[in-house]
Number of protein chains: 2
Amino acid sequence: MAPPSLVANGGDIAVGKPPVTSRVSSVYSEVQNSRLDHPLALPSVFAKPFKVVDGPSSSAAGNPDEIAKLFPSLFGQPSAVLEPSETSDSGSALKIGVVLSGGQAPGGHNVISGMFDYLQERCKGSTLYGFKGGPAGIMKGKYVVLTPEFIYPYRNQIQKERAQSHWNTQNKFSPVSVLTKIILKKNEIAHEKTMGGFDMICSGRDKIETPEQFKQAEDTATKLDLDGLVVIGGDDSNTNACLLAEYFRSKNLKTRVIGCPKTIDGDLKCKEVPTSFGFDTACKIYAEQIGNVMIDARSTGKYYHFVRLMGRAASHITLECALQTHPNITLIGEEVASKKLTLKKVTDYIADVICKRADLGYNYGVILIPEGLIDFIPEVQQLISELNEILAHETVDESGLWKQKLVPQSLQLFELLPPAIQDQLMLERDPHGNVQVAKIETEKMLIQMVESELELRKQVGQYSRQFKGQSHFFGYEGRCGLPSNFDSSYCYALGYGAGALLQSGKTGLISSVGNLAAPVAEWTVGGTPLTSLMDVERRHGKFKPVIKKAMVELDGAPFKKFASKREEWALQNRYISPGPIQFTGPVADISNHTLLLELGVEA
Amino acid sequence: MAPPSLVANGGDIAVGKPPVTSRVSSVYSEVQNSRLDHPLALPSVFAKPFKVVDGPSSSAAGNPDEIAKLFPSLFGQPSAVLEPSETSDSGSALKIGVVLSGGQAPGGHNVISGMFDYLQERCKGSTLYGFKGGPAGIMKGKYVVLTPEFIYPYRNQIQKERAQSHWNTQNKFSPVSVLTKIILKKNEIAHEKTMGGFDMICSGRDKIETPEQFKQAEDTATKLDLDGLVVIGGDDSNTNACLLAEYFRSKNLKTRVIGCPKTIDGDLKCKEVPTSFGFDTACKIYAEQIGNVMIDARSTGKYYHFVRLMGRAASHITLECALQTHPNITLIGEEVASKKLTLKKVTDYIADVICKRADLGYNYGVILIPEGLIDFIPEVQQLISELNEILAHETVDESGLWKQKLVPQSLQLFELLPPAIQDQLMLERDPHGNVQVAKIETEKMLIQMVESELELRKQVGQYSRQFKGQSHFFGYEGRCGLPSNFDSSYCYALGYGAGALLQSGKTGLISSVGNLAAPVAEWTVGGTPLTSLMDVERRHGKFKPVIKKAMVELDGAPFKKFASKREEWALQNRYISPGPIQFTGPVADISNHTLLLELGVEA
């Protein structure tokens with residue numbers, strides 16, 4: 001490990017004491033404390049000497065010719081697999097940087113812990129730099145040198161022989177608020193910590209895009225003499241990681257770049273990367289809430305709960321929550337798009353189920369709605385794209401004259417929408433110029449539209465009950481929960497594996513841990529060429545590489561299982577209440593339906 | 001137990017098979033399943049022979065003379081305490097009814113399980129009737145005879161020697177969706193079950209109020225030859241229970257009535273009843289979400305999260321969540337009322353903290369708001385009471401002429417409110433004619449008001465950051481969670497104790513379990529005269545008995561602890577993430593801060 005004197009300017013030094021921002025004593029919850037003792041297994045390939053072997057060469061997810069042009073150094077490189085070996089290289093010390101990019105996802109800290117432990121155990125004398133605040137930290141050269149003491153409070157499993165001793169001797173005792181006679185073994189901690197979100201080095205949404213920004217990243221890599229950089233992020237961030245890998249390679253820099261699949265949305269995955277981390281925990285947190293709301297709905301007997309779930313464009317989270325809880329209605333954006341449903345059709349579908357349930361004596365229910373739903377409805381897409389155009393180029397006058405710029409069908413739809421939704425559609429765009437779907441209260445919109453529809457049916461005698469909608473949005477509370485045992489282990493393996501890939505000189509790969517339905521010991525470890533996940537999009541007249549979002553596949557096992565059950569769930573009450581995530585006991589290590597169905601383990 | 005042939009008309013018979021409404025096979029989540037194995041301890045007084053002894057005679061919480069007039073048979077009766085004894089009466093068979101009244105609270109099923117087990121074990125041959133859908137079930141004579149098979153899926157701890165054998169022989173195997181190789185012992189269940197909410201016999205909000213309704217209750221009690229009735233409910237329901245006890249006594253009916261303290265709001269408590277059940281679980285569920293949002297806030301660094309919490313008038317839930325999570329700002333309704341704060345003052349307080357945090361470099365935070373907040377603001381109370389009056393007697397015209405009926409101060413306040421809040425204030429009232437505070441989005445109102453205030457400060461150079469508010473309402477998802485270990489044990493003891501009180505011929509008492517900071521074995525069991533909790537309110541020229549809601553006491557230990565910390569929490573980031581409720585492991589049995597502080601156990 002680099003002694004403090006070697007730490008360059010711009011870096012907070014955190015050796016043997018908490019970082020500046022958290023020097024003031026703080027305490028942990030009892031559950032957080034208990035997580036420090038959670039043992040993390042590693043895939044058994046790490047138990048003995050191993051080597052990194054190459055798989056077959058790769059292509060691209062689409063337009064390989066264009067991808068080859070965009071990534072001349074990297075295109076076609078083989079995947080990498082860790083295999084048992086007779087001997088193991090005793091690795092030389094490495095200087096590695098790590099950055100968290102994009103939205104939060106439970107488990108990010110464990111990726112860093114895994115990397116750190118790999119370097120500590122296999123490449124003695126290595127230094128791990130944590131870039132602060134996302135990719136901006138790379139560009140600005142803002143980082144912290146990660147030490148056992150710094151990382152300790154963020155990991156599930158303390159490496160007692162190392163960190164604990166440092167900690168005890170160099171830090172004051174700050175008692176945990178003691179609620180019971182339980183004596184917590186690890187209550188000698190004075191450090192702001194969490195294990196769910198990204199506040200160890202914080203994340204950021206900046207991108208390294210312009211030639212100047214690439215040069216800044218190069219300067220940082222050169223200044224710190226980086227052997228490698230690990231980018232923990234979603235599809236955009238991993239695309240960026242690949243561009244950086246290509247750039248460094250083209251400049252003959254020694255800095256390798258490895259990606260890690262992070263997103264609660266679950267839309268960054270492929271055969272070799274069966275899931276993104278965070279998805280498991282987030283879905284379980286949402287499903288707990290949904291299960292509770294279901295019991296409440298049935299107990300009270302008078303509300304329809306419309307639950308919108310985070311997840312951006314893809315409906316994976318909504319689908320997984322449906323598989324966990326069996327709601328009466330679940331809207332899947334990809335199906336709505338595929339069937340070209342209109343808002344009216346969606347509304348009618350919900351109203352139909354409500355009427356049928358009324359006939360059976362049920363005046364309550366639970367309905368799941370993906371965050372990105374309205375983006376999937378063709379007529380709404382049309383409206384939004386017209387609005388994007390108008391908002392970019394026109395002044396929007398109070399009197400509403402601007403509406404004349406809409407085509408008649410879009411104007412009609414716009415006027416049909418409740419005023420609050422109209423307002424939300426006119427709100428600011430995200431940095432990419434997209435409607436911020438998270439800000440559109442689709443659940444409230446649907447409640448109002450269903451209410452109107454049921455009112456009409458009442459007038460013609462098709463419905464006679466009183467409809468009461470309750471709206472929910474489950475989002476932020478799922479991004480930063482304590483990671484489930486699955487995510488904890490998965491992240492640790494991803495980070496540990498990333499260390500192995502860097503040590504073996506790999507670049508432009510995404511850390512890939514497979515065979516996830518088996519016990520951790522049997523998991524496979526390797527790396528998949530990022531270029532093999534790429535396609536191109538044409539933007540502003542240029543080809544731009546993108547990792548295609550993995551959307552819900554309507555012929556995939558998770559959707560098919562849902563589709564085979566939904567009619568039953570609609571009319572009968574098959575609610576399941578998953579309860580809170582458990583970290584110990586017989587149910588703690590179960591992963592999620594989507595993953596197991598896709599792996600063919602669950603029927 | 002009464003054989004099916006003895007069951008009167010109107011009752012669903014559920015012996016050896018699931019009830020009609022749930023005869024269709026259904027499955028449980030793994031956590032629900034695991035809860036069936038959770039062992040429930042009982043207070044040690046039940047381990048040996050015991051007797052019920054009288055304490056000193058009682059008075060009332062206020063206006064004892066009026067209470068004495070309203071409850072001539074019951075007023076002044078002593079409390080009851082269970083004490084070890086040389087011998088125990090072998091109880092004769094009893095016919096007991098039980099009803100769930102009012103809103104959901106986690107643990108209700110365990111009260112029923114406790115009662116049931118008491119009757120099974122101590123008064124062999126007893127019958128327990130579950131009245132369906134709340135007090136309406138009593139009036140209409142709608143009930144189900146509770147049997148081991150019926151109760152089994154609702155309890156944490158199956159009495160294997162009884163229920164399991166019945167179950168296995170008479171029910172088809174419906175496999176739990178198997179996610180892992182874990183083999184769950186109890187997967188031979190085909191029954192809709194939950195253990196959180198009230199869907200065993202369902203709850204209801206009807207009241208037994210008119211002479212006709214009392215007569216209906218009498219008819220049911222007579223028809224079923226009831227020895228006793230247990231009412232599980234909040235302050236209103238227990239008031240109702242006491243009126244029913246008085247009525248039955250005055251009519252020389254043998255039917256005794258015992259209450260049980262149920263409400264997540266935590267506002268039904270006194271010295272002998274240290275807490276109401278459900279509070280512990282609900283607060284932990286909300287605190288989990290708040291802790292997650294805090295990590296997200298700190299990771300993202302750009303949002304102020306305004307979290308409104310359920311809890312009706314009292315701010316106990318908000319205070320407890322603050323003690324568990326250490327938010328930057330916590331509004332306590334009782335303090336706002338005591339200090340006679342205006343909405344402007346509350347807004348300024350929030351804006352002040354935001355500005356100070358901005359100076360420290362923090363552009364994010366978490367703010368807790370009790371559901372009943374605006375009801376506590378004197379000027380808003382005045383406005384609401386004027387609106388109540390106007391809505392009761394006037395037509396509200398679209399043109400807004402009705403507003404002239406408001407006094408100038410109220411009109412000014414009304415016009416100051418964001419339009420969405422104006423709309424919500426005009427919404428329908430609850431059956432008591434009160435504004436439905438749960439429907440008023442106070443969190444959004446405050447975001448808008450704080451935004452305007454910060455905009456003004458920006459113009460005069462006092463604030464230079466960009467304020468972004470995110471609103472949350474945590475409510476329904478906390479009422480029907482799986483009960484925490486504390487609530488599970490507390491409810492079971494409350495129910496078991498209620499059985500003992502009925503057996504000893506007591507009436508008009510509320511089941512009281514004390515010494516709750518100690519292990520369950522050391523808990524005390526007894527009953528407190530409901531009249532001793534009563535005061536009167538004058539309504540429509542008449543005295544009406546009410547159990548006074550226990551509000552947050554500003555000189556109580558929980559508030560004082562909060563008040564001593566809040567400045568530190570405001571500016572420094574002392575966030576604690578409690579994580580999900582754990583049912584096993586070292587932290588599973590911890591109860592809540594409010595209870596332990598009030599018991600003087602926690603400093």
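Using N, Cα and C of the backbone, Cβ positions are placed for all residues, glycine too.
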Checking TrEMBL, the member of A:E209, A:E371, A:E537 that binds substrate with A:T263, A:I264, A:D265, A:K302, A:Y303, A:M310, A:G311, A:R312, A:Y476, A:E477, A:G478, A:R479 is A:E371
Recorded positions in contact range of chain B, given that the Cβ distance is under 8 Å, out of A:D236, A:K262, A:D265, A:G311, A:E371 | none
For A:E371 (substrate binding site), the three-state class that DSSP assigns | coil
Can you figure out which of A:G103, A:D235, A:K262 (the recorded positions) comes closest in space to A:E477 (substrate binding site), comparing Cα atoms?
-> A:G103
Identify which of the binding-site residues A:D235, A:E477 has its Cβ surrounded by the largest number of other Cβ atoms within 10 Å, counting every protein chain shown.
-> A:E477
Site extent for substrate (largest Cα pair distance over A:T263, A:I264, A:D265, A:K302, A:Y303, A:M310, A:G311, A:R312, A:E371, A:Y476, A:E477, A:G478, A:R479, Å) = 36
For the recorded positions A:D236, A:G311, the one whose C-beta sees the most other C-beta atoms within 10 angstroms = A:G311
Under a criterion of Cβ-Cβ distance under 8 Å and sequence separation of at least 6, what residues of the same chain contact A:D265 (active site, proton acceptor)?
-> A:G234, A:S276, A:F279, A:M310, A:G311, A:R312, A:A313, A:A314, A:H316, A:I317
Recorded positions near A:T263 (substrate binding site): from A:G103, A:D235, A:D236, Cα within 10 Å gives A:G103, A:D235
Tell me, in order along the sequence, which binding-site residues from A:Y303, A:E371, A:R479 have their CA within 10 Å of A:K262 (site 'Important for catalytic activity').
-> none
Over the domain 'Phosphofructokinase' (A:95-386), what does the predicted model average in pLDDT?
-> 85
Here the binding-site residues are A:G103, A:Y303, A:R479, and the Cα closest to that of A:D236 (site 'Important for catalytic activity and substrate specificity') is found at A:G103
Least Cβ-packed of the recorded positions A:K262, A:E371 (other Cβ atoms within 10 Å) is A:E371
